[in-house]
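Annotated in Swiss-Prot:
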TRANSMEM  10-30  transmembrane segment
DISULFID  Cys147-Cys604  disulfide bond
DISULFID  Cys224-Cys275  disulfide bond
BINDING   His254, His255, His325  Cu(2+) A binding site
DISULFID  Cys261-Cys287  disulfide bond
DISULFID  Cys382-Cys495  disulfide bond
DISULFID  Cys386-Cys573  disulfide bond
BINDING   His404, His406, Met479  Cu(2+) B binding site
DISULFID  Cys458-Cys480  disulfide bond
Amino acid sequence: MQVPSPSAREAASMYGTAVAVFLVLLVAVLQGLAPPESPLPYRIPLDPKGDLELSWDVSYTQKTIYFQLLVQELKAGVLFGMSDRGELENADLVVLWTDGDNAYFGDAWSDQRGQIHLDSQQDYQLLRAQRTPKGLCLLFKRPFGTCDPKDYFIEDGTVHLVYGVLEEPFGSLEAINTSGLQKGLQRVQLLKPKISIPALPEDRRTMDIQAHNVLIPSKTTYWCHLTKLPQDFPRHHIVMYEPIITKGNEALVHHIEIFQCTNQFQNITSFSGSCDSKEKPQELKVCRHVLAAWALGARAFYYPEEAGLAFGGSNSSRFLLLEIHYHNPTNIRGRYDNSGIRLHYTAKLRHFNAGIMELGLVYTPVMAIPPKESAFVLTGYCTAKCTQAALPPLGIRIFASQLHTHLTGTKVVTMLVRDGQEIEIVNRDDHYSPNFQEIRMLKKTVYVYPGDVLITSCTYNTEDKNEATVGGLGTQEEMCVNYIHYYPQTQLELCKSHIDPCFLQKYFHLVNRSNLGEYCTCPQASGTTCPQASGTTCPRASVPEQFASVPWNSFSRVVLKALYDFIPVTVHCNKSSAVRFPGKWDLQPLPEIISKLKEPTPRCPTSRDQSSSSLTVVNIGGGKV
């Protein structure tokens, strides 16, 4: 059947023909494999009001994702897709739109001006379209990789999903521009690991750590709530935890974490309020040990059946800090929340204690990112010397990981190196966002043995900064951390590094000399044993002040990058008491890498369905959206 194309220009560029396939309501397109019949297991709201809901499932054998988009109140169409950082410009899209007579479904893309173009290669395949009591439901599929330069390559890690709502008909697809649309983004891990779920013990009990009737603020807010375990609560193993989300708030609760406090304080002042509040007790700074973490799109987190995370007992603090990130960009008012996390635990301790270890960079200003950088990399090392000293002879097994940076982080990767050869990636996120952090189960267990090296690299974007961003605990400072979850637990709690401070002082002196002493970058008066260069007359400064004085030209940038890539490091091979394992940890050479892993290349589909070159017309309720 011949149908009118959106425009002659689009038809000519796409097909050379105006022939399209008419989709009868409730009838699936028969090309390719049949769509899954069971409900898709993963589900998130796309918009703050929950009018758009996405469900999906992953087929690793087909290397395909099945999507189901539920549109509760459809006006004139909807855009859905993916982009590198969550912009609707330069996005890979699928579009449902109407010209007033017919409804069309097609693979499209947007340019940097937000102009929509129909893709010459149709890789989103519509499988079913139907009206339901909840709204319009579209089921479609898309390969991970398409080898189409206009398409997004779906890979492990964070994916920035984007959407836009069309409120009026358009005569052609090219008449649509994203600038005037109601639009937004949602971050999610699409490629969920397919792992078996361990059986839970019959004696398990539950503990709900929840907020108490919080009036959700009208802006994005981190909410902190301090709670405590019962008096004389004995040692238990957490075997699973799951989110508790107040009904109706699913689109507003972005992520949740529970931190265990150290036993430094016998008592901590109760608190429930904004984490940025001046009334927040200073003692809460010791509540940094992650006990549980959930983010939008994640389901229950299970520990391996032979391991559990210990909490409670005489040597453990009773205090737990609940932190909830509320994301309310449309300023929805009058909504109260009691969300949190439900811990499932057992008194019958499992064979192994699970542990959490910090990899990456020490929180110190000697590690810094120059301003106006698009992709500056800093790297932290857990060296062979440390794993040799701290790990048991049979090694450890990593089963989950949580990556962490502050506001400028865009990519994080941890690599396992053995005998100078890169063995495998522990965890990697090429589209990392500090606004989406969750503990992720690994697709397969990673075994780490004494003498192995764990290298964690973070990439940062500081294009909007005018001064250097230094390392530290503050939100405006930076971090590079991978919290690995493993068993059996060892005494090693932190395995990180930073460059040798004295070499950094040589860098500052070199910058000062190259600029004829115009900029003051003299070392601080205390806290360092580095000798001060002769002939300096300016006042002494702290490392952040020194970085603030650097003139960021090509010379200072290139030299700092070379410094970080080649000079010796100080290794923090620390026990839980913050005491290092015995040994010499200063001026350690960087690990030598003699063999690198090959970068994965996207696999193109071996064959394409005939429908992939046809525009689909959707007949829904008389042919109109």
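Numbering starts at 1 and runs along the chain as it is shown here.
Even glycines carry a Cβ here, placed using N, Cα and C.
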Between His406 (Cu(2+) B binding site) and Cys480 (disulfide bond), the C-alpha gap once rounded to whole angstrom | 8
For His254 (Cu(2+) A binding site), the three-state class that DSSP assigns | strand
Which one is closest to Cys604 (disulfide bond) in space, judged by CA to CA distance, out of the binding-site residues His255, His325, His404, Met479?
-> His404
Which number gives the other C-beta atoms within 10 angstroms of the C-beta of His406 (Cu(2+) B binding site), all protein chains shown included?
-> 20
List, in sequence order, those recorded positions among His325, Cys386, His404, Cys495 whose Cα sits within 10 Å of the Cα of Cys224 (disulfide bond).
-> His325
Which residues, in sequence order, are found in the same chain with Cβ within 8 Å of the centroid defined by the Cβ atoms of His254, His255, His325 at the Cu(2+) A site, excluding those residues themselves?
-> Val253, Ile256, Ala295, Leu296, Ile324, Tyr326, His327, Asn435, Phe436
Cys261 (disulfide bond), Cβ-centred 10 Å count of other Cβ atoms over all protein chains shown, is 22
Starting from the Cβ centroid of His404, His406, Met479, which together make up the recorded Cu(2+) B site, report each further residue of the same chain whose Cβ lies within 8 Å of that point, ordered by sequence.
-> Thr405, Gly409, Pro434, Glu478, Cys480, Val481
According to DSSP, which of helix, strand or coil covers Cys386 (disulfide bond)?
-> helix
Using C-alpha atoms, which one of the recorded positions Cys147, His255, Cys275, Cys386 comes nearest to His404 (Cu(2+) B binding site)?
-> His255
Across all protein chains shown, the recorded positions Cys147, Cys275, Met479 give the max Cβ-within-10 Å count at Met479
